[in-house]
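Below is one structure, written out as structure tokens; the observations come after it.
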Amino acid sequence: MLIFMCLAVLVGGAIPVQTAANSALRAQLHSPFLATLVNSSIGAVILAVTLMIAGSALNINWSGALNAPWWSFGGAPLAVIILMLAMLTMPLLGGVGTALAMILGSVGTGMLIDALGLFNAPQHVFSAQRAGGLCLTALGLFLMLRLYRFLGHSRPQFSLKALPGVALGLTAGASQIAQTAVNSELSLHFGSTIPTGFMCMSLTVVIILCLTALRRESLHPLSTIKVGRSFWILSGGLCGAAFLIVNAYLLPRVGAGTLVILNIAGQMAMALVIDSFGLFRAQKRSISVMEIAGLVIIFAGIALIKQPV
């Protein structure tokens, strides 16, 4: 169990790296669709090479996919939906608001998947212990996202105008863990997460190409990408592939709710490292005691939420 939890935290740490790479690509290409196209293509190529080299050793049951439920092939459409929802949410809620809404959507949906056994996931009872773990996680996120800075500056006012953004952000977050759940189900039929990841990323490339054609967006900017010594801007595909296949493997072993929070812990920890050292062109800043305390509290919440194998 400890190994699985460490893997989940580690792969969660790939998210800020992927975000930095995506942002750098998007700045060059001036298009989130083209940036996603590049990353998905790189991820698909990496997984294709992996299949060619180690395919026989993985004992993949290719025919098993024929018996998989139709919804288990929804990983690629969900990836595109997440991208589009995030794009729509950002102007409405801003960076912190979008991140918070997506996190809440992921955690809430993860707990729901566990409680009801949705997508054929293992069922876990929502106990008082898990509720306590959720409260600790929420407190940790409050400190790590530095939301306390917004208290006292102005009187909070509820606005109906924020509802569409909140709904979009929650849906994007819910789609993230739903994508992991459907990929996990398809992987069970393949007997491996590698072909699932390859299929998901390949279909994402096809869907993005179709959307690009419908938008009449030129592919010419792809030829102008400048990497130089900043090779990390092409690491988004590798990070995305790792996140996809590792989470699909871990979900039936640790539970959807636990997996989401472990990913968040890794994401927040890596974000602190990136900010502290100014990695990936991020503005270097000092890390506060409150942020470190928030991370510790999140891990305390994980200790309560985690389920035995």
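Placement of Cβ uses the backbone N, Cα and C atoms for every residue, glycine included.
Please treat TrEMBL annotations as automatic predictions, because they have not gone through curation.
Record features (TrEMBL):
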type     : residues : note
TRANSMEM : 33-58    : transmembrane segment
TRANSMEM : 70-93    : transmembrane segment
TRANSMEM : 99-119   : transmembrane segment
TRANSMEM : 131-151  : transmembrane segment
TRANSMEM : 193-211  : transmembrane segment
TRANSMEM : 231-250  : transmembrane segment
TRANSMEM : 256-280  : transmembrane segment
TRANSMEM : 287-305  : transmembrane segment
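It is 193-211 that, among the stretches 70-93, 193-211, 231-250, 256-280, forms the most Cβ pairs under 8 Å with the transmembrane segment (33-58). Put simply, of 70-93, 99-119, 193-211, 231-250, 256-280, the stretch with the most CB pairs closer than 8 A to the transmembrane segment (287-305) is 256-280. Cβ atoms under 8 Å from those of the transmembrane segment (99-119) belong to residues 71, 86, 89, 93, 125-126, 130, 134, 137, 141, 145, 147, 165-166, 168-178, 181-182, 184-185, 255-261, 264, 307 of the same chain, restricted to positions at least 6 beyond its ends.
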